[in-house]
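The following features are taken from Swiss-Prot:
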type	residues	note
COMPBIAS	15-36	compositional bias 'Pro residues'
COMPBIAS	40-49	compositional bias 'Basic residues'
COMPBIAS	64-79	compositional bias 'Low complexity'
COMPBIAS	87-111	compositional bias 'Pro residues'
COMPBIAS	121-138	compositional bias 'Pro residues'
INTRAMEM	276-296	intramembrane segment
REGION	1-144	region 'Disordered'
TOPO_DOM	1-223	topological domain 'Cytoplasmic'
TOPO_DOM	245-275	topological domain 'Extracellular'
TOPO_DOM	297-306	topological domain 'Extracellular'
TRANSMEM	224-244	transmembrane segment
Amino acid sequence: MSSEKSGLPDSVPHTSPPPYNAPQPPAEPPIPPPQTAPSSHHHHHHHYHQSGTATLPRLGAGGLASAAASAQRGPSSSATLPRPPHHAPPGPAAGAPPPGCATLPRMPPDPYLQETRFEGPLPPPPPAAAAPPPPAPAPTAQAPGFVVPTHAGAVGTLPLGGYVAPGYPLQLQPCTAYVPVYPVGTPYAGGTPGGPGVTSTLPPPPQGPGLALLEPRRPPHDYMPIAVLTTICCFWPTGIIAIFKAVQVRTALARGDLVSAEIASREARNFSFISLAVGIAAMVLCTILTVVIIIAAQHHENYWDP
């Protein structure tokens, strides 16, 4: 490369054999560069790289010698190609950042935050945390005439206007009302129009469809009287069984066995009715037989008379 750069100029004849001394065809006029080209080929390429053009050596009929001669002649034997548009340094555009600065992408704006201010004085802070009150005991059955409180204990007062700040427990005034509890049908002493202390009786409430008051369970009947009557007057074998079942009913009631008492009561009733039915049937049959015998006796007497 250094030998090519330091070769003889075109005015000195070449001593080497052809084709070095062959005449060269006329070269195309080069595009004038924006600045004066440097003397060396290395600086020539460096300049055109900076100015946006590239210089390519033109190959003629002389092969490598033509290329060397063209390199010595410089711009007269080279073709200049324009630099692509994307390699050209862009000029400063309107609103563009200065060179050497990086542009960050625009982020979406922050969501809108609404800050509400409450006018007026804030409610006082709640009192110090205290242990919660124990749960109220479950209501139990009480004797007639006792009262049952509807609220257990005092729980505070409600502030004026009925406004309760959020986050504060609701406080109510202690209730002093008591509801008297009386069984249905029991007399109680109350303030009636007749005067204080007058005893009155609550009427039973009206019963709707499907509503019934629970009444105490009645003990089963022993059917002892009808068992004795049927034993004496009607049919004594079944009557004795009915009396025995009636005694079992009383024994079961004495020990509190209602189921056995009900079973024995039904059996005593059935045997008593059997004794009654057998006794009635026997009376009817005896009456019929008596009538038949009387009629037959009269007919026999008439037959034997002269």
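Just so you know, glycine gets a Cβ as well, placed from its N, Cα and C.
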Query raised in the report: What else in the chain is close to the topological domain 'Extracellular' (245-275), if you only count residues 6 or more beyond its ends and a Cβ gap under 8 Å?
Result: 217, 219-224, 226-227, 230-231, 234-239
Report task. Six or more residues out from either end of the transmembrane segment (224-244), which same-chain residues have a Cβ under 8 Å from its Cβ atoms? Result -> 250, 268-269, 271-272, 274-276, 278-280, 282
Report summary line: In the topological domain 'Cytoplasmic' (1-223), averaged pLDDT is 54
Query raised in the report: DSSP says what for the topological domain 'Extracellular' (245-275): how many helix, strand, coil residues?
Result: 28 helix, 0 strand, 3 coil
